[in-house]
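Trainee: If you scroll down you'll find the structure; I have some questions about it.
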There are 2 protein chains.
Amino acid sequence: MAPTQPQQVKTPQNGLVQTCEIGSLTLESLEIIPQVTLAFETWGELNEHRDNAVLILHALTGDTHVSRANITEDSHTTSPAQAAGWWEGIVGPGCVIDTEKYFVLAPNILGGCYGSTGPSSPTPESIDSSRKPWGSRFPLVTIRDTVHAEAHLADALGIETFYAVVGGSLGGARAMEWALTYPHRVEHCVVIASGPSATADQIAWAQSQNLAISLDPNFAGGDYYDGLPPEGGLGLARRIAHTTYRSAPELHFRFGRVAQRGERPLQKCQAGERGRYAVESYLDYHAKKLADRFDANSYLAINNALISHDITRGRGSLTTALAASTCEWNIAYVDSDRLFYPSESIVMAASLPQPGEATAILSPSGHDGFLIETDQIERVLRRTF
Amino acid sequence: MAPTQPQQVKTPQNGLVQTCEIGSLTLESLEIIPQVTLAFETWGELNEHRDNAVLILHALTGDTHVSRANITEDSHTTSPAQAAGWWEGIVGPGCVIDTEKYFVLAPNILGGCYGSTGPSSPTPESIDSSRKPWGSRFPLVTIRDTVHAEAHLADALGIETFYAVVGGSLGGARAMEWALTYPHRVEHCVVIASGPSATADQIAWAQSQNLAISLDPNFAGGDYYDGLPPEGGLGLARRIAHTTYRSAPELHFRFGRVAQRGERPLQKCQAGERGRYAVESYLDYHAKKLADRFDANSYLAINNALISHDITRGRGSLTTALAASTCEWNIAYVDSDRLFYPSESIVMAASLPQPGEATAILSPSGHDGFLIETDQIERVLRRTF
């Protein structure tokens, strides 16, 4: 499973997307992806002892852009590097994950659509001389496969050991798997709003989302790159997912039963559609936003990776599996999370080699609290950084 | 809004579907359905004082068949009347709702597909001389509209006052609306696993389900009766709904992460699909079961009625709205319900003219507990019967 042509990346550039060819990858299914590229961003610099690297792993539809570029105010531009990242304020100069102290690495997950090899990538010539996108032919990747790929990236960057591996939600699943697959390479593992294995409930929600995409007539079995993308299906998948990401009380207090401005939910308009409630308009907005930026096949691939997640697979009980870890664990959950229930984190923390307690992040917002409650996340991270 | 041609129904037949023409109905939207039929079943007999009638109102995909026919063992046949009903053991001779004492009436909701006028019914000749099914032209009906229609049915059956109006989930919403629209006609109101108004969360889930149906290429904007029905979309709607009907712990303990027998979730088969987890197969089963028996347009119509539910609309605060009721209330919730959260019932009970407490039904099963926990439901009903 060693990369065929590891490629040393020399000059980390803060908050700009770089790529690394990590060679071929043999998957858990024993299928082989002949040429794998991982996209990533970095902030800060690897120090002489190479002991200041931090790996940040994004969630389901996340990307490499955790934080703005670490540049001075004078050089502000409108480049992508200047867009706010998904954990802005958590990672940066002077932040809790201080990029003046740590070398932060954030890869796009294998199967993704932000530069890493995924279903929308051209196939290698050895598989298809026309080099059409993988589409339906993209193999099933597991969380372990994604972690193996990231280990090759770390090799290429000259990182033997990470001071910390950090992730929330799917990123937390990736972080856990890192700590158990490569215990000697992980000193601290920070897991927020995740659990030791995908639950039956999470599998059920993922199934609905996957079926929403495949129901879209544009999906064409996954080979839609010559035509229109299945935006309706991807948007529906997002609506389902987004509802699981928020709490019922939050939706109640934000939207209640209010009609969307200018619309009448108890009347059909001439086209036969009724007016929308405000919460429907909110979900329409998030559906469109994702459909405009994400590839539906990547959504399927990463969703399937998410539900493959099980740190106990082939490793015995949860306690036995975790006994192989040597890192310091830092586990937190969002109290109102109804996708990754608090009990999952609590059981996980209690099953560690040194049993502990998971930290509660108090939030009305449900699962998305791991992105929203910056102050509390910072306090959680201060236990490690 | 009086029925144009009320039709007296003379001979109630236990557990067999009957129909009643209630004439035209003016809806909240001010649209008019010129000819409305309501299907219903009855058990027992209306007594001389006409004070023993009980109205039982079904949930989203329910029907009129609450219980088996009340006939002697000798006459067992294989007729539909002999199939188990959805509240078997609750309604029948000697049951808590004793059909030897009460005259039980269970109508199919307006917009449904079990005999009442709905989108799959032929249009009246005055609207379309070809009498094609309503399809996309079926108007938006609210919970209040359905209650108005049922009042006309009660008129036709010679029932002025119900001893009790009883319902769970959407049926509970219908029961509440009965108690507030016709306070003088309801002596007791039993509401199980429902709430005073559809919440933003319920609207969000309904939206996903509605979009699943309309995404199906067979849907044809709702006018699919000449072609294949949108079974894929309806099945997906059911999967989403069914997941909200069960609790995460129940799914965990029943299915965990187990693979469906003979399938491999971490492998793609030749057709490109991965094997299923057992929970996916379970949801597939429920999806197919519903798609085989239900009309997708009726699902949309009743779902839209469900989210129209708001006993406070035009009636002031919850307390003010409830102050108009004169019945004895009996409110219960399922403790693990994550679609109609317990707080909705608790707030409702606390807002009654005589504030009380809602009764907890303890169940691991989530919302569906209102169909499953027969012993506890019986105990709840004993407070009224």
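Just so it is clear, glycine is given a Cβ too, placed from its N, Cα and C backbone atoms.
So TrEMBL lists the following for this protein:
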{"type": "ACT_SITE", "residues": "A:S169", "note": "active site, nucleophile"}
{"type": "ACT_SITE", "residues": "A:D337", "note": "active site"}
{"type": "ACT_SITE", "residues": "A:H367", "note": "active site"}
{"type": "BINDING", "residues": "A:R238, A:D368", "note": "substrate binding site"}
{"type": "DOMAIN", "residues": "A:52-372", "note": "domain 'AB hydrolase-1'"}
Trainee: How big is the Cα-to-Cα gap, in Å, between A:S169 (active site, nucleophile) and A:D337 (active site)?
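Mentor: Pair distance, Cα basis, whole Å: 11 Å.
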Trainee: Measuring CB to CB from A:R238 (substrate binding site), give everything in the same chain under 8 Å that is also at least six residues away in sequence.
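Mentor: Same-chain residues close to A:R238 (substrate binding site) (Cβ under 8 Å, separated by 6 or more) are A:T61, A:Q209, A:L283, A:H286, A:A287, A:L290, A:A291.
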Trainee: Between A:H367 (active site) and A:D337 (active site), find the distance joining the two CA atoms and give it rounded to the nearest Å.
Mentor: 4
Trainee: Pick out which of the recorded positions A:D337, A:D368 has the most other Cβ atoms within 10 Å of its own Cβ.
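Mentor: Counting Cβ neighbours within 10 Å, the top one is A:D337.
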Trainee: Using all protein chains in view, find how many other C-beta atoms are within 10 Å of the C-beta of A:H367 (active site).
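Mentor: For A:H367 (active site), the 10 Å Cβ neighbour count is 27.
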Trainee: Between 0 and 100, where does the mean pLDDT of the domain 'AB hydrolase-1' (A:52-372) sit?
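Mentor: When the pLDDT values over the domain 'AB hydrolase-1' (A:52-372) are averaged, the result is 95.
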Trainee: Going by DSSP, is A:S169 (active site, nucleophile) part of a helix, a strand, or coil?
Mentor: coil
Trainee: Hey, does DSSP put A:R238 (substrate binding site) in a helix, a strand, or just coil?
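Mentor: In three-state terms, A:R238 (substrate binding site) counts as helix.
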Trainee: Can you give me the Cα-Cα distance between A:D368 (substrate binding site) and A:D337 (active site) in Å, rounded to a whole number?
Mentor: 8
